[in-house]
Structures are given as C-alpha cells and as structure tokens.
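S.K.: Copying in the features that TrEMBL gives for the protein in this structure:
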- 35-64: transmembrane segment (TRANSMEM)
- 84-106: transmembrane segment (TRANSMEM)
- 112-129: transmembrane segment (TRANSMEM)
- 141-162: transmembrane segment (TRANSMEM)
- 189-207: transmembrane segment (TRANSMEM)
- 219-243: transmembrane segment (TRANSMEM)
- 263-287: transmembrane segment (TRANSMEM)
- 299-318: transmembrane segment (TRANSMEM)
- 324-345: transmembrane segment (TRANSMEM)
- 412-427: compositional bias 'Basic and acidic residues' (COMPBIAS)
- 412-436: region 'Disordered' (REGION)
Amino acid sequence: MRKMTAVKVALAFVGLIVGAGFATGQEMIQYFTSFGAIGIWGAVISGLLVTAAGSVTLLLGSYFMAESHSKVFGNVAHPWLSRFLDWSVTFTLFSVGFVMIAGAGSTLEQQFGLPTWIGAGLMTLLVLAAGQLDVDRVSSIISGITPLVVIAILAAFVWTMFDLPQDLSQLGAVAQQAESPVRPWWVSAMNYTGMNLMVAVSMCLVIGGSTPNTREAVWGGFSGGLLYMILVLMVVVLLYLNIQDVGQAEVPMLSLFESIHPAAAAVMVVIVYLMIFNTVIGLFYALGRRLTVRAPHRYRPVFLLVCLVGYALSFLGFSTLMSYIYPLVGYIGMLMIVVFIVWWVRRRVQVGQETGRRDRIRALLRLRDDPKRRFTARHERKLAGYLQDSSAQGETLTEALDLELIEEARGRAARADGGGARDDGRGRGGSSQQRG
C-alpha cells in the first residue's frame with residue numbers, strides 16, 4: 001500500500017466535505033451550536049459516522065472502479081432505489097453548488113463590502129477554469145488546499161483556549177437563540193452527516209475509482225474521516241465559545257478571525273473562499289461528468305451551462321437557500337449511508353476476495369513488465385482469469401494498475417538516484433578527508 005496515495009485520498013475527501021460542511025461557519029451554528037453544549041456531542045456522532053461512511057464510500061468507488069456514481073448505485077441498490085439516489089445526487093450536486101456560490105458572494109461582501117454578485121461571479125470563473133482539468137488534477141487541487149484549512153482552524157483553536165470568555169454560563173442561552181433546521185440534536189447530527197456525504201459522494205466515488213488498491217481507498221476514507229472529526233469538534237467548540245461575537249454573522253468564521261485580529265480575518269477570507277471553491281469544483285465537475293456520461297465530448301458546454309445557471313440561482317441568498325436545501329439533502333443522505341453500509345456488511349467477504357485478486361493481478365503485471373523474468377502462457381491464462389472474475393472491467397483495471405506500477409517504478413528510480421547522490425557525496429567527503 002502506498003501511504004502517499006492514502007494521504008492524498010484523505011485530504012481530497014476532507015477538502016470536499018469542509019467546503020459545504022463548515023467553510024462559512026453558518027452550517028455549524030445551525031446544526032450543532034444552536035443546541036448549546038450538547039451540540040458538541042452531536043459533532044462527535046457526526047465525525048464517527050463520516051469516518052465509517054467515508055471509508056465505505058471510497059471502498060465502493062475502488063471496488064467497482066467507478067467513473068460516475070450511477071454505476072455504483074446500480075450495483076448496490078434495487079433499480080428503483082438506484083434511480084432515486086441517482087436523481088437525488090444530481091439534484092444535490094447542482095443545488096448545493098449554487099448555495100456555495102452564494103456563500104462565496106456573502107464572504108467577500110462581509111469582509112470587503114463588495115456586492116454579492118462580484119464574489120459569486122469570481123467563484124464561477126475560477127470553477128469554470130478548473131473544470132477543464134482531468135479528475136487527477138482536480139483531486140490534487142482539492143487535496144492541496146486542505147492543509148490550509150487545518151492550520152487556520154488549529155491556530156484559532158489554540159488562540160481561543162488561551163483567551164477563554166470570563167463567563168461561560170451564558171454561552172448556552174446565547175447559542176440556543178440561533179435557529180436549527182433539524183431537531184433534536186442527535187437527528188441534526190445525523191442529518192448533517194447525510195448532507196455532507198451527499199455532497200461528497202459523487203466525487204468520492206470517482207476518486208475511489210481512480211484508486212485500484214482498495215486498501216488505499218479505505219485508509220484514505222478512514223484517516224480523512226478522523227481528521228474531519230477533529231476539525232468539526234474544534235470548529236464547534238470555537239463557535240460555541242465565541243457565540244456572543246459571531247452568532248448573528250452571515251459568515252461566522254470570518255467574524256471569529258476578525259475578533260482575533262483584522263489581519264487574521266484577511267487571511268481567513270482567502271481560506272474560506274478556497275474552501276468554498278473546493279466544494280463547488282467537486283460538485284460541478286462531478287455533475288458535468290454525470291450529465292455527459294453517454295456523450296463525454298459534450299462535457300465542456302454542459303459544464304459551462306451548469307456554472308452559469310448556478311451563478312444565476314445564487315442570487316436567492318445564502319442563509320435562506322441553506323436552511324431549506326441542506327435538511328432535505330441530509331435526509332436523503334441518511335438513506336444512502338444505510339444502503340452503502342448494508343451492502344458492505346453483506347458483501348465484505350467478496351470485497352476481501354477482490355482485494356486479494358488485485359494483489360495477484362498486480363504481481364502478474366509486475367512479472368510481465370520485468371525484462372529479467374519470464375512471463376509464460378500459464379501466467380497469461382491466470383491473469384486473464386483474474387481479470388474476468390474481477391468486480392471491475394478488465395481493461396479499466398489493467399490500465400489503472402499499469403499506471404500504479406509506472407508510478408512505483410519512478411519512485412524507486414528517484415530513491416535510487418537520491419541514494420546514489422548521497423553515496424557520491426560521502427565518497428567525495430571521504431576522499432577529501434583522506435587527502436587531508
């Protein structure tokens with residue numbers, strides 16, 4: 001298992017979720033902080049559910065080598081349920097996408113006083129540009145932005161711990177003045193989890209589908225889920241402790257950093273904007289691929305149309321859109337999580353067998369490509385049999401594993417070159433000492 005691949009998958013997974021989940025902070029106040037201190041336990045429940053469901057989701061993408069969510073739904077659910085989930089995810093990709101574009105407009109309005117159409121328009125242009133890239137580059141962009149989020153939240157958490165409010169007794173009453181779209185607190189936590197997974201599922205399945213090693217996919221989902229849980233807990237605690245300053249703000253995360261220092265808010269506005277970009281590009285890219293699955297050559301005009309319509313609908317307003325759309329998406333997401341976990345429980349033996357089968361396919365491909373070893377007709381028959389029995393299409397799996405082996409060979413060559421350079425350096429150093 002390549003650890004760096006699992007790390008990349010984990011960061012991409014977190015990056016997809018945090019944009020819709022807590023980029024602005026408004027989501028966290030409505031779903032958790034509005035219940036007072038008990039909302040912190042809701043964050044724990046949500047984190048555990050995301051860890052489990054995220055691992056299974058990425059595993060499903062890898063197991064079926066998915067190129068879109070519809071293929072996975074067709075294999076794990078009854079046809080009518082599969083169609084319902086497919087339509088629901090398509091609705092989610094679009095609706096949450098234009099909600100987040102509205103959030104981008106609100107972010108720049110709160111920080112700089114710009115009209116919302118400017119912030120929303122800039123976001124639309126950025127997404128249009130990034131949407132022309134392939135899935136690996138989009139995944140790299142998403143995973144590359146995630147560390148900035150982690151650093152910013154960690155810094156704010158440490159600062160708040162050293163500057164706690166003098167009177168903690170009033171925080172609960174102030175927090176509960178905020179309205180929550182879902183009650184009670186534990187249903188709110190599960191609804192929030194379902195919403196996040198609905199937002200991320202399409203791109204997660206595609207990322208899993210580009211990861212032929214099922215172990216890497218599972219560990220990416222598991223470690224990403226744990227990182228997500230830590231981040232959610234820190235953000236909920238942060239907003240709860242600062243609820244008197246941020247409770248009425250359209251973008252509470254910006255108000256939080258403004259209360260720390262104006263310079264911190266200037267940095268955070270960029271990070272929040274990038275977090276929103278993470279989610280919107282993941283949503284609209286997946287939607288564009290889904291709508292053109294039978295006509296891939298039409299992807300670019302369809303993607304352009306999706307972005308422009310999303311921009312137009314963003315003028316309905318961020319908070320209003322979120323309070324209606326997120327709960328509906330969350331309930332459907334709860335159903336989807338149940339479907340995924342039930343499938344995994346029933347098919348976990350077959351999943352284990354497929355993991356072993358891919359290990360054997362990988363070993364045979366490595367043997368075939370090694371000029372120093374002999375690849376016989378018997379090996380060829382074994383390889384053909386394993387590919388035929390695989391849950392993924394043989395050609396798709398072979399191409400993915402070939403790419404994996406090429407990357408593996410490049411890594412070995414780079415390490416060998418580095419080791420040789422160090423040896424040369426030691427050799428020259430030793431020679432110099434001898435001459436001395």
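We count from 1, first residue shown onward.
Keep in mind that glycine also has a Cβ here, set from the backbone N, Cα and C atoms.
What's the neighbourhood like for these features in this structure?
M.R.: Long-range Cβ contacts of the transmembrane segment (112-129) within its own chain (Cβ-Cβ under 8 Å, at least 6 residues beyond either end) map to 100-102, 104-106, 269, 273, 276-277, 280-281, 284, 303-304, 307-308, 310-311, 314-315.
Same-chain neighbours of the transmembrane segment (189-207): 9, 12-13, 16-17, 20-21, 27, 31-32, 41-43, 45-46, 49-50, 53-54, 57-58, 60-61, 66-69, 72, 88-89, 92-93, 96, 135, 139, 142, 182, 221, 279, 282-283, 285-287, 289-290, 326-327, 329-337, counting only residues six or more beyond its ends whose CB sits under 8 Å from a CB of the stretch.
Under 8 Å from some Cβ of the transmembrane segment (219-243) lie the Cβ atoms of residues 1, 5-14, 17-18, 21-22, 25, 28-29, 32-33, 36-37, 39-40, 42-44, 46-48, 50-59, 149-150, 153-154, 156-157, 160, 164-165, 168, 171, 174-175, 204, 211, 252-253, 256, 259, all in the same chain and six or more residues away from its ends.
Same-chain residues lying 6+ beyond the ends of the transmembrane segment (324-345) with a Cβ under 8 Å from its Cβ atoms: 27, 30, 49, 52-53, 56-57, 59-60, 76-77, 81, 85, 88, 91-92, 95-96, 99, 181-182, 190-199, 201, 351.
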S.K.: Give the nonlocal contacts of the transmembrane segment (299-318) in its own chain as ranges (CB under 8 Å, at least six residues past its ends).
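M.R.: Cβ under 8 Å, 6 or more out: 24, 26, 94, 97-99, 101-106, 116-117, 120-121, 124, 127-128, 131-132, 250, 280, 284-285, 287-289, 291-292.
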